[in-house]
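As recorded in TrEMBL:
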type	residues	note
BINDING	D431, N458, G460	Mg(2+) binding site
DOMAIN	3-108	domain 'Thiamine pyrophosphate enzyme N-terminal TPP-binding'
DOMAIN	202-292	domain 'Thiamine pyrophosphate enzyme central'
DOMAIN	387-521	domain 'Thiamine pyrophosphate enzyme TPP-binding'
Amino acid sequence: MITVLDYLLVRLKELEIKTIFGVPGDYNLPFIGVVDNDKDIQWVGACNELNASYACEGYARIKGFSALCTTYGVGELSAINGVAGVFAEQVPIIHIVGAPSQSKQEKGKTLHHCLATGRFDAFEKMYRHISKTTAVLTYHNATEEIDRVLETLWRYRYPVYLLIPEDVGVMKVNKPKLPLQLTLPQSNPDDLNKVITLLENKIKQSKSPCIIIGEQVSRYQLRKQVENLLEKTNLPFFTVWGSKGVVDEGRQQYGGILFGELSNPQGLDYIINSDLIISLGVSWDEVNTAGFTFDVPTQNCYQFYDTYSLIEEEKIYGVSLLDMPNALLALDYIYPHNIALLPQKIVPPDWQGLIKIDSIPLLLDKVLDDNSVILAEAGNAFLCAVNHIFSGNSQLVVSNIWASIGYTLPAALGVTLALENQGRAFVVIGDGAFQMTAQELSTLLRLKLNPVIFIVNNQGYAFEKIFYGPKDTFNDIQNWNYSQLPELFNCDAYSVKVDSLEALETVLPLLKVHQDKLCLVELDMDKHDYSEPISEFIALLNQYK
């Protein structure tokens, strides 16, 4: 016999979850103690629960799954903003909440961290809106509900919620006899054959086919299958902003980013005139379409998602994205042309003068390699990597839909741990966003992690200034000495402030010299310097009524 908490750890390991993020609180301490005594799972304490939720998401973006642990009430509500973002972006994490004992709850007394109503189900009900499923463990359902929740997490790749009362957690149960039933969405064979037959006829007649790769390719870890499909078929392919770096973009047939009116014109023209579009798990949201300035065609468009497909205008629940890479490969089709859709790279100008926000893409091109992960913060630098070619294993982490500022700094904690020294995280974050979650810099330093953090210091909320009030003081913030923060936290790091391109150019080689430690580069800019792509992007957002 083992405890319910030990049973949960056994099941988490089946999903290869090796790191749990959170903040200790009296109701979740028993679980954290079990984690801390387990040699196969690492506990990572964050400065607050919101930051822990961001870190948890960052880890899952790289590894596939992750876990968050908070205390009842105050802890789980501190994390709720981040978990809502996890739901919006469809990232698979399990949120484990330690709660007052079932016996205490049944007495209906007013306990700490509760709403003083005598009821204890309010927070779980809140989480129902941002979880694929929730469960409250009892004396009677603990093992069955743990299995159900984790199988749901595996199948649908959305966050799930598990509340464990103190006394239920230490209750003795049988060890699991069988592994979890880790099944994925599957196609109905008859429906799949019909769609593949349609596609086979269509693709053989097509003059200008293409594939558009979306976020679900990453969520279901289909990268290898899709890259194999691209290699064998030679089909032109595109990404959207939320799927940049989901596959190796260093291939000749890569046509760039489909980004509404901000797309590469040559690539956009190809898509608009394409006689066959195969869309793999794309989110056609406001950001990916640049303010809905790209209308998804209904004719000649085959869209595949995890649990359904849209075949031109017909919705079919029996055909899943997960079967499509191999099904398309089986057609033995090779696109006969080698076309170049990306514009020639512009030779960058000499690095002279003040640093501007539009210098950042050139900066990234200089420092990134095939194993780099960029975390682009929502804000003035949001589109810093919009035209970067993510080759090899490099990739982008961005909160595309939720866009809660401050996300990238704590997310870098999760990303860096997940990389396990097989790459490096590069954060581009504005000063306003940084001040939202700045405490997590101390955790990165405490754990001796090595991300590179570029802080865009333009003394305020530049993104909001473009929307409204460029001269108004409500978009201003206190100017910190950002480059001195590692010293404040009493930790070893490479930290520097630069205000010119010449100075920045001398700093960049030192980032590799200090490969083993955190590097913080404060980019001092004019407070009214705005990114040209962001200005155009916001103008398009404002046009949508």
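The backbone N, Cα and C atoms fix where each Cβ goes, glycine too.
Nobody curates TrEMBL annotations by hand; they come from automatic prediction.
Everything TrEMBL records as a feature, shown here on the structure.
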residue	record	CB count, 10 Å
D431	Mg(2+) binding site	27
N458	Mg(2+) binding site	24
G460	Mg(2+) binding site	23
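Mean predicted confidence for the domain 'Thiamine pyrophosphate enzyme N-terminal TPP-binding' (3-108): the pLDDT average there is 96. Taking DSSP states H, G and I as helix and E and B as strand, the domain 'Thiamine pyrophosphate enzyme N-terminal TPP-binding' (3-108) has 54 helix, 22 strand, 30 coil. Of the chain residues outside the Mg(2+) site list D431, N458, G460, N380, G430, G432, V456, N457, Q459, Y461, A462, D476, I477, N479, M525, K527 have their Cβ within 8 Å of the site's Cβ mean position. Helix, strand and coil residue tallies for the domain 'Thiamine pyrophosphate enzyme central' (202-292), in that order: 30 helix, 19 strand, 42 coil [DSSP].
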